[in-house]
Amino acid sequence: MHELKKDSRKSVQVLLKSYERKCELIRIKKLEYEQKSTFEAKFWSQNKIVAGVDEVGRGCLAGPVVCGAVVLDSRHPILGIDDSKKLSVRERERLSEEIKKYAICYSVAIISPKKIDQINILEASRLGMLQAVNKLKITPQELLIDAIHINSSIPQTDIVKGDARSVSIGAASIIAKVYRDALMTKYDSFYPEYNFKKNKGYGTKDHLSALEKYGITPIHRQSFSPVQKFNA
């Protein structure tokens, strides 16, 4: 490396700077991982199995709420994990595959729009999170959850903005988000007027315009106020 720095050729210096930028980026990501794994580290040091749990799609007008649960392997850090909403589609999909490959176990649970209408979105989120935990192949000894308490006998830590502060919760949000986005893209082929492929069921201007023009579909949440007025 020292010899390369002394090489005055422009092409060599460009490559060297590119390499140094990549090294700095990795260093920053490693530091971020350490900061975001402080909740996990407390339990990992006790050899406890920790699962992060999160939901996505809570504020949507259409489609299910999807919940994820992930038990990360402390021996295999996955760099770049963050709140799924802050990541690009490409980053989410890459990280989702990496999480599935290297996590000890993971699961996804889906709560339908009909069930959401029956029990309300908060209870639906709790139910989905519980189902995701129960679907894990290994029973965790500790749960890290994004600001919601669920009805489980497993000890749990509720963390406000947990998907941005805990790698386990962030990982759960990523696999749930990627799964739900793919599902809404499939729904787009059945209901192309609503542009679910783009808006993913959120109340965007084009989605509301489609509701006004075409009415509701079977996957709309009829208990949500923006949808109710179109349910004639």
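Glycine residues also receive a Cβ, built from the backbone N, Cα and C atoms like all the rest.
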Please pick, from D117, D146, D158, the residue that TrEMBL records in the divalent metal cation site together with D54, E55.
D146
Fewest neighbouring Cβ atoms within 10 Å: which of the binding-site residues D54, E55, D146?
D146
Can you give the mean pLDDT for the domain 'RNase H type-2' (48-232), rounded to a whole number?
96
